[in-house]
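Shown next, in structure tokens, is the structure this report addresses.
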Amino acid sequence: MLENEAYLSKTTHLPRKRFFRARAHSNPLSDSHFPVPISPSHVDYSLHYPQLVVSSDTTSSKKVEFADIGCGFGGLLISLATLFPETLMIGMELRDKVTEYVKERILALRKANPGQYQNVSVVRTNSMKYIPNYFQKAQLSKMFFLFPDPHFKEKNHRRRVISPYLLDEYAYALRVGGIIYTITDVEELGEWMNSCLAGHPMFEALTQKELEADPVVKLLSSATEEGQKVSRNGGQTFQAIYRRITPIS
Amino acid sequence: MDVESITEETELHDKQSELDVAPALIAVHPTHHSLVVAIGSELRVFDLQGSCCVILGDGSSGHKDSIRAVSYGANGKLFVSAGDDKLVKIWNTDTWQCIYNVSSEKRVTAVAISNDGHYVSFADKFGVVWVVELEGLHQSSAVVEKKPAPMLSHYCSIITGLEFSPDGKYIVSADRDFKIRVTAFPTKPLEGAHEIQSFCLGHTKFVSCFTFVCNQEYPQGFLVSGSGDSTVCLWEYESGTLLNTCEVGAEAGLLQSNGSEEDILPVITDLCASRDGSLVAVAVQSLPGVLLLSCNLSVKSLSIVRKITITEEAFIPTCLSTSSTSELLWLVMGVSNLKGSVSPSLARVRAISCFGQNSEPIILADSEIPGGEQLLKTLQGNLSIEKEVFSRTAEAVKIAMNNLLIKKEYNVENREYRKRGRNDKKKYK
């Protein structure tokens with residue numbers, strides 16, 4: 001990183017994005033060179049949440065409940081952090097520069113607002129490959145997939161983060177009753193994500209009433225950087241929000 | 001073309017030709033009726049009851065490329081073989097007629113038959129596990145073509161092993177990303193297997209093989225897995241709990257010095273549990289012979305009890321198999337497409353008797369093997385094998401396995417050099 005914290009804004013003391021130029025896409029299929037925890041019990045969450053998790057005590061301490069998959073610059077996490085101050089949440093992002101930015105952003109926010117933002121953190125990982133290395137069965141209550149890479153070509157559909165096979169792994173990590181939130185500004189991808197979820201035996205759509213009652217739904221398009229960009233340009237968004245259920249066997 | 005891309009290209013070429021090398025496989029009928037050795041594209045079958053060679057009846061013309069996986073069904077009525085020719089062949093073991101052909105889109109790396117014999121499942125190099133439903137053992141001589149349905153997927157990871165649990169409730173798959181996935185086998189498998197029961201996570205390198213150990217006290221059994229990290233692990237697979245780790249490579253003193261680099265531990269190539277569940281035979285990449293681990297299910301532990309060495313011919317097995325009715329452990333060492341050799345392939349079959357509790361295992365001499373010379377002639381192709389072929393075989397198998405399963409590592413400078421043109425790597429002032 002740059003020295004003397006030159007990347008921090010002089011007025012807000014938050015990191016500035018232009019010092020974290022990143023590529024828009026990253027190949028999820030390539031072999032990873034970053035460290036991956038052997039299993040969920042090998043992740044030291046006290047490093048992520050120093051005020052809320054004590055490393056020595058792994059059984060009784062709080063566990064991460066929200067996961068923002070492909071968190072980007074972390075807009076949603078930051079909004080959720082104050083909305084659910086008691087819940088631990090983590091962002092997962094494949095691009096190292098972006099992860100770096102979110103890390104700095106959280107640290108700066110913690111410094112500026114003592115006692116707040118202690119419940120958010122970020123890791124650099126490929127969540128399409130390593131979800132089971134981070135979360136135990138039924139550990140999560142919410143998963144977010146906001147404005148994922150659309151991968152238009154049919155031959156690249158297997159790179160999409162929502163796919164029938166990967167939903168099996170998300171259903172494993174989510175507890176019964178947990179909710180999966182997806183949103184995109186690409187109509188074709190919106191239809192794809194909706195049909196994958198609708199066709200999966202372990203998910204059911206939320207009713208209109210439930211969607212209106214859920215405070216998180218409004219954040220999907222307003223809190224994220226991508227969502228703001230879309231509304232600036234007057235674009236349309238497509239949501240698919242589903243609940244994890246016990247499959248009927 | 002600059003120098004770097006030239007060397008890369010030749011590397012790629014070498015890798016390709018080494019990938020074509022396939023280790024020999026062995027499978028014994030569950031009640032010891034027959035014995036199969038797969039070498040290259042060839043299936044060699046010996047009838048242990050009639051003590052004779054079996055001629056395969058195949059309407060189509062057999063496999064056209066290396067066979068990578070073979071398996072008998074639990075009741076022994078079916079046998080399945082598959083590999084690099086993207087063809088899964090299902091055989092009736094009474095007549096040794098090929099009764100079903102299943103075409104795969106990708107090369108096949110693992111196969112399994114459901115315990116009731118109604119479904120055949122196979123895994124491809126993209127990590128997808130497929131399933132086909134069978135309509136019994138039809139008697140017609142024509143080979144029936146079947147279309148598979150995708151059932152589950154490991155995200156773009158080569159699947160190294162596939163098995164049904166002893167009670168048939170789960171289908172277990174292992175991959176090169178250190179994972180073992182336990183999935184509930186559904187009542188309608190053609191619609192997919194979506195319910196993940198557990199992940200067994202603990203290996204630090206690719207999982208190369210796994211098997212189940214059961215006894216009367218624990219009929220549902222436990223899972224034993226071997227890995228590129230040189231350990232054998234014992235799991236309670238329903239919860240994914242790691243019960244015990246046996247550091248096989250280090251404890252058996254198989255540390256290899258790799259010149260200036262770090263010491264490397266040899267890869268576990270195959271595992272085979274004795275029928276009483278008390279012993280697990282382990283084939284290790286650099287060990288002539290096998291290691292026997294004692295498996296104590298009541299205290300849930302694995303420990304090395306014996307090293308059986310076969311030194312007179314540097315016999316490093318590539319595959320192990322045993323049946324539920326005999327105490328014979330069958331071993332094969334072999335490889336296809338051996339470069340620069342007079343004989344293009346090698347297959348050497350050995351057997352160890354008294355593979356079970358409280359008995360002294362004995363390596364059988366060629367004359368003591370059931371089926372004797374006739375069996376060896378059928379399965380090995382010839383009776384005498386030159387000594388130097390063994391060492392070359394061991395080397396070829398090792399390189400092929402490493403190329404397939406170990407991820408390519410670049411050092412930091414090399415990695416930065418490859419990223420030199422990327423926008424996010426440009427310096428900002």
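Including glycine, each Cβ sits where the backbone N, Cα and C put it.
As annotated by TrEMBL, active site applies to A:Asp149. Proximity of A:Asp149 (active site) to non-local residues of its own chain (separation of 6 or more, Cβ distance below 8 Å) is seen for A:His25, A:Gly70, A:Arg159, A:Arg160, A:Val161, given in sequence order.
All protein chains shown were included, and the count of other CB atoms within 10 Å of the CB of A:Glu226 (S-adenosyl-L-methionine binding site) stands at 19. According to DSSP, A:Glu226 (S-adenosyl-L-methionine binding site) is assigned to a helical segment. If you look up TrEMBL, you'll see A:Gly70, A:Glu93, A:Leu94, A:Asn126, A:Ser127, A:Leu146, A:Thr224, A:Glu225, A:Glu226 marked as S-adenosyl-L-methionine binding site.
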> When the number of other CB atoms within 10 A of each residue's CB is tallied over all shown chains, which of the binding-site residues A:Ser127, A:Thr224 has the maximum?
Replying inline: A:Ser127
> Which residues in the same chain, at least 6 apart in sequence, have a Cβ under 8 Å from the Cβ of A:Leu94 (S-adenosyl-L-methionine binding site)?
Replying inline: A:Ser26, A:Pro28, A:Gly70, A:Arg124, A:Thr125, A:Asn126, A:Ser127
>> According to DSSP, collapsed to three classes, what secondary structure does A:Leu94 (S-adenosyl-L-methionine binding site) have?
In response: coil
>> At a 10 Å cut-off from the C-beta of A:Gly70 (S-adenosyl-L-methionine binding site), count the other C-beta atoms across all protein chains.
In response: 22
